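Peer 1: First the structure, which I've put down as C-alpha cells, then a few questions once you've had a look.
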C-alpha cells in the first residue's frame with residue numbers, strides 16, 4: 001500500500017528531477033567552471049578514473065568567479081534591468097489590449113464564443129518564427145503599415161518602428177496576448193450576470209458596476225494572465241533579436257551571444273542561473289495566486 | 001391556508017378610492033416573435049404581499065424584471081407611485097430586487113454586501129453603519145457580518161440577500177423565487193420569517209414563485225399566470241375555493257375534474273349530467289353559466305366524503321370501488337374508480353389509527369358531497 005502510494009507520487013518528482021534538476025545541476029556546475037579552449041569549452045571536467053583525489057581536485061577547481069564577473073561588467077545588470085523594464089511594460093500593454101477582448105468575448109452571445117475562442121488560439125497553429133518574421137514585413141520602413149499610413153496620407157515619411165523597443169513591445173503583445181486573454185476570459189465567463197444587475201439595482205451606474213464588481217472579481221484572472229506573460233517575456237530571445245535593434249538590451253539576447261558568439265559557456269551559464277533565480281520569485285507568486293483562487297472556489 | 005389575521009381587514013383592492021402603488025396598463029412584452037407578456041393590466045397596492053404564480057416560462061419573471069427596470073415593455077405603461085417608469089433605469093428606481101441566485105458579491109463580506117447600496121447613495125458613514133447594523137439584526141446575522149458569502153450556509157446567504165435588498169428601504173421589494181434553493185423545512189420557516197419582515201418593514205413585496213403552497217402561505221393576493229396571460233388575480237382563499245377556470249383549479253392544490261353537460265335548474269342551482277345512467281350532480285354555484293353548456297365540475301378531494309353506506313343527508317352520492325390508497329401520515333387519499341372509468345380522489349384526516357381503518361382496497365364505497373362543495377367551470 002505504502003509502496004504503491006510512494007511509486008505514484010514519485011512519478012512527477014522523477015520527471016522534475018530528470019528534466020529540471022539534473023539539467024540545472026549541469027548548468028550550475030558549468031557556471032562554476034572556467035573558460036577553456038577545448039571541447040567542451042570549459043574546465044575542469046569530472047574524471048572519475050582518478051578516484052577520490054580526482055574528485056577533490058575537481059571540486060577545488062570550481063569557484064564563483066563568473067558570478068563576480070557579472071557584477072563587475074555593467075552590461076549584465078543593465079541587461080537584467082532593461083529586460084525587467086521591457087517585460088513589465090509589455091505585460092501592462094498586453095493587459096490593456098487583452099482585457100477588452102476578453103470582456104467582449106465573455107459578453108458575446110453564447111453561440112459566438114467558440115468561434116471567438118478559436119480566433120484567439122488560431123495563430124498558434126502556425127510557427128512562432130514565421131509570425132515574428134511576418135511582423136518584420138509589416139513594421140519595416142517599406143512595410144505594409146508604413147505603406148498604408150502613407151497611402152491614406154496620415155504620415156509623409158515612413159515611421160521607424162522595426163529595430164526599436166516599440167517593435168519588441170508589439171511582438172510581445174501579439175505573441176502573448178492569448179495567454180492574457182484566456183485566463184481573464186475564464187474568470188469573466190464564470191461571473192453570474194445577475195451580479196451586475198444586482199449592483200445596478202442597488203444604485204450603481206453601468207460603469208461603476210464594472211469597477212466595483214466585474215474588475216475585482218476578474219482580479220485572479222488578471223494576475224494569472226500577467227504572470228503568464230511576464231515570465232516568458234523576461235527571458236524572451238527571439239522577439240528582441242528579430243524585431244529589436246542593436247540598442248535593445250535584453251538578457252535573453254545577452255545569453256545567446258555569450259553562448260554562441262563568445263562561446264563562453266561558464267559566463268553564459270552564470271547569466272542563466274541568475275535569470276532563473278530572478279524568475280523564481282514571480283513563479284512562486286503565481287503559484288500562490290493559483291492556490292488562493294482554488295481555495296476561493298471551494 | 002395560513003392567512004394571518006390582520007389580512008382579513010387589509011383589502012385595498014376592494015376599496016375603489018385606494019391608489020395603487022404599481023399599475024400595469026395593457027403591458028405587452030415581446031422577445032422577437034415570442035410574446036412573453038400579453039396585454040396585462042394589474043394594480044398592486046401599498047403594503048401588499050403580491051405573488052406572481054405560474055409554471056416556468058409563463059412570463060412571471062419577465063413581469064417582475066419590468067418592475068425592476070431590467071426589461072422595458074414593448075407596449076403599454078407601468079406606473080409606480082403614479083410615475084411612468086418608461087425611461088427610469090434600474091439604479092434610479094426606489095425598487096430593489098432579491099435575485100434567485102442571491103447575486104451576493106463574493107469578494108465582499110456580509111457587512112459590505114448589505115452596505116453596498118447605502119454607499120452608492122453617499123450617505124454619511126455613521127448612518128450607513130447604523131442601518132447595516134439594523135439590517136444584520138433584522139435577519140439575525142450579527143455573528144456572521146464579517147464573513148464572506150462562501151463561508152456561510154445557503155439559508156444565511158438567502159437572509160443576506162434579503163437584508164441587502166431591504167437596506168435602502170425601497171418602496172417595493174421584488175423577490176425572484178427567493179426560497180427556491182432552500183430545503184423544504186427551511187423554506188417553510190423562512191416563509192413565515194418573510195411575512196414577519198414584510199409586516200415589520202411595511203414594504204410592498206412582489207414575489208415570483210412556481211410553488212403554489214409558498215404563494216398561498218405568504219401572499220395577500222395571487223396572480224395566476226399562464227403563457228403570458230393573467231388567468232386570475234385574487235386572495236389565496238378565493239383562488240382555492242372559487243377558481244375561475246379549470247387551469248387555476250388544477251394548478252392550485254389537488255382537484256377532481258368531472259366533465260359533463262350543465263344546465264340551470266331554475267332555482268339558482270345547476271345540474272350536471274356527467275355519465276349515462278347516473279343521477280346528475282347538483283351544485284349551487286353563483287358563477288355557473290345560465291344556459292346549457294359543456295362544463296367541468298371541480299371539487300377538492302378534502303370536500304369529498306367517503307363511506308361504506310350510502311349517506312342520506314347529501315344530494316350528491318356516487319358509488320365506486322377503492323383502487324388506491326395513499327397514506328400521507330396525517331391524511332389518507334383514496335382514489336376511487338367510478339362505473340364509467342372516472343377516478344375521483346377523496347381525502348380524509350387520519351384521526352384514527354391505521355389498524356382501525358375500516359376502508360381498504362377493492363371495497364365498494366360511496367362518495368358524497370354537499371351542493372356547495374364544488375364549482376362548475378365553463379373554461
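Positions of Cβ are set from backbone N, Cα and C atoms, glycine also.
What you are looking at is a predicted structure, and each value in this text was computed from that prediction instead of being measured.
Pulled these features from TrEMBL for this protein:
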type: DOMAIN; residues: A:80-286; note: domain 'ABC transmembrane type-1'
type: TRANSMEM; residues: A:12-32; note: transmembrane segment
type: TRANSMEM; residues: A:82-103; note: transmembrane segment
type: TRANSMEM; residues: A:115-136; note: transmembrane segment
type: TRANSMEM; residues: A:167-188; note: transmembrane segment
type: TRANSMEM; residues: A:209-234; note: transmembrane segment
type: TRANSMEM; residues: A:265-286; note: transmembrane segment
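If you look at the structure here, what lies around each of the features I listed?
Peer 2: Nonlocal intrachain contacts for the transmembrane segment (A:12-32), taken as residues 6+ away from its ends with a CB within less than 8 angstroms of a stretch CB, comprise 42, 62-64, 66-67, 265-267, 269-270, 272-273, 276.
Outside the transmembrane segment (A:115-136) by six or more residues, the chain places 101, 104-105, 108, 143, 162, 167, 170-171, 174-175, 178, 181-182, 185, 238-239, 242-243 with a CB less than 8 A from a CB of the stretch.
Counting residues 6+ beyond its ends, the transmembrane segment (A:265-286) has Cβ neighbours under 8 Å at 24, 27-28, 30-35, 40-42, 66-67, 69-70, 76, 80, 84, 223-224, 227-228, 230-231, 234-235, 251, 254-255, 258-259 in the same chain.
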